[in-house]
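Following: one structure in structure tokens, then a few remarks.
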Amino acid sequence: MARLTTMATKTPDTLAVAASFLLLAAAAASASSAPFDYAGAFDKCLQFFEAQRSGKLPADRRVHWRGDSALKDGYLQGVDLVGGYYDSGDHVKFGFPMAYAVTMLAWGVLEFEKEMMAANNHQRALDAIRWGTNYFVKAHTEPNVLWVQVGDGDSDHLCWERAEDMSTPRTAFKIDTNHAGSEVAAETAAALAAASKAFRPYDSMYADLLLLHAKQLFTFADTFRGRYDDSLLSAKKFYPSGSGYEDELLWAAAWLHEATGDEKYLQYVSQNAEDFGGIGMSMLEFSWDNKYAGLQVLLSKAVLAGGGGGEYADTLRQYQAKAEFFLCACLQKNGGHNMKLTPGGLLHVDEWNNMQYVSSATFLLTVYADYLVASHGALRCPDGEVNPGEMVWFARSQADYVLGKNPRGMSYMVGYGSYFPTHVHHRGASIPSVYAMESVVGCMDGFDRYFNSKGADPNVLNGAVVGGPDANDGFVDDRCNYQQAEPTLAGNAPICGVFARLASDNSPPAPSYSPPQDSSPSKGSPLEFVHTVSNSWTTNGVEYYRHVVTAKNTCGHPITYLKLHVKGLSGPIYGVLAAKEKDTYELPAWVTSLAAGEQLTIVYIQGGPAAKFSLVSYKTA
């Protein structure tokens with residue numbers, strides 16, 4: 001047979017992506033159709049929070065590779081700031097996103113309490129909340145003083161070391177009457193108020209304590225208004241306040257109303273609805289920084305529950321209208337003003353840690369769907385009515401994507417399934433445990449030996465939802481890739497409750513697509529083609545499929561070269577490399593030969609009919 005002498009140029013990115021598909025596509029094809037263990041995902045989600053704990057760890061901890069750390073936080077300032085959570089892959093305790101994470105954990109408990117109990121993890125969820133609220137209570141040393149950060153991001157990022165070996169400065173920062181910080185004070189108030197309601201049936205004294213601090217912090221935030229990142233320049237580089245503090249003031253007031261039933265807080269969100277943007281802001285995100293969509297959904301409950309909101313009903317309905325704008329945008333039914341979707345069907349807001357937006361949006365969709373079920377209602381979008389079941393189905397599609405039903409067949413939750421990120425941007429995961437290697441790992445030694453290592457993480461950071469893929473479903477599992485490979489508290493917290501909710505959901509799964517089987521292109525061919533579809537989804541009304549093609553060597557001799565023709569390909573293809581001629585492909589560089597009986601796995605993604613594969617030429621050894 002003729003040999004093609006000109007090979008296509010190969011880039012490292014193409015090789016890395018194609019290699020991943022070549023090695024794992026077959027496993028992904030079978031795994032993607034399997035039902036997901038949502039209860040197991042919920043359990044692992046809570047394990048991530050255990051791995052992020054700072055301070056003296058309890059004897060019953062499940063993350064055994066972690067030890068006590070940062071036991072002198074606050075010592076130099078004369079205050080006890082031991083405890084709380086490390087934010088992400090580093091060792092700074094950022095109070096603003098930490099408080100948001102606790103608020104969302106508490107909201108999850110309030111909405112999905114029965115489901116969490118059914119999953120045998122309700123108590124662990126309360127424990128995760130308590131670990132944060134205990135820290136906030138200690139950090140709130142006076143009515144108008146709140147310690148909001150321990151550690152400095154710049155100095156912390158200069159070292160790659162275990163929390164147990166920490167050598168970076170543990171400088172503590174506070175807000176007070178002369179250094180306003182309305183965002184973080186109000187978010188902490190929201191967290192404590194939501195937590196007080198979650199603890200109320202089980203520990204009323206603790207609930208009272210949390211509520212006392214919540215009320216004081218809200219008054220502090222509202223009386224001494226000002227942006228926290230103007231007072232705390234060390235946080236501005238890492239967690240700047242893009243939306244201002246007005247959304248947090250409304251958010252805190254809404255949660256205080258939830259916790260107390262006091263009408264004055266409902267009056268606050270009503271009177272300030274217009275000036276603070278509560279009924280004027282139409283959102284396409286919900287995050288640690290921007291609370292408007294979450295606020296609008298939370299306040300909609302009063303309308304949907306049948307009470308109507310009394311004298312504040314008109315304003316609450318305006319909040320509800322904005323909530324439904326966000327939800328319809330997620331569902332791609334908002335008259336063109338929709339949230340973007342990747343080709344694989346994942347909501348996409350930002351290239352940096354996009355999964356945090358997926359997590360929060362999925363939570364709001366699930367919660368609102370349950371509100372509609374209770375009120376026998378439906379979501380009326382510009383492009384048509386959506387019933388609660390359809391909303392939950394879409395939310396489940398996002399959760400399923402996280403767990404592995406995606407074009408790569410990868411679980412973006414570490415430790416879930418058989419194929420997940422193994423090079424997480426996380427110091428503790430990447431360095432052997434203090435129990436496995438007692439010698440101290442120095443600041444720069446950690447970079448040299450572990451950060452830059454190509455080896456997999458020695459410690460599995462179970463439950464960590466990493467930043468996730470880009471707008472085209474691409475993902476590079478590399479420790480240096482902090483935009484995609486780093487988990488955060490804010491990213492994990494909202495979806496924990498969703499997994500518990502889905503574990504108790506008995507609605508049928510989305511219909512699957514079964515394509516016809518392709519056989520060998522011609523009698524006597526050295527290759528036998530089998531064509532299957534491992535996943536399908538709808539994006540902007542177009543049905544897309546993830547196709548897996550296996551080409552088995554049936555000629556009885558090793559094939560050292562082959563060229564394929566692919567007709568009708570309109571999407572990306574992985575596992576082969578483009579040749580010079582149009583629509584032709586060759587073996588990738590890392591496959592020097594295809595032994596007798598072995599198969600080449602090829603993956604491609606597109607809408608419409610399947611592509612057709614045929615053999616152009618080949619050579620045997």
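Backbone N, Cα and C atoms are what each Cβ position is placed from, and that goes for glycine too.
Unlike curated records, TrEMBL annotations are generated automatically.
Feature list (source: TrEMBL):
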- HIS425: active site (ACT_SITE)
- ASP477: active site (ACT_SITE)
- GLU486: active site (ACT_SITE)
- 527-607: domain 'Carbohydrate binding' (DOMAIN)
- 507-526: region 'Disordered' (REGION)
- 1-33: signal peptide (SIGNAL)
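For the domain 'Carbohydrate binding' (527-607), the model's pLDDT averages out at 82. Other Cβ atoms within 10 Å of the Cβ of GLU486 (active site) number 22 in total over all chains. Here the C-alpha separation of ASP477 (active site) and GLU486 (active site) works out to 10 Å.
Cβ environment of HIS425 (active site): GLY89, VAL466, ARG479, CYS480, ASN481, TYR482, ALA485, GLU486 lie under 8 Å away, each six or more residues apart in the same chain. Around the Cβ of ASP477 (active site), 19 further Cβ atoms fall within 10 Å across all displayed protein chains.
With DSSP classes pooled into helix, strand and coil, the tally for the domain 'Carbohydrate binding' (527-607) is 0 helix, 51 strand, 30 coil.
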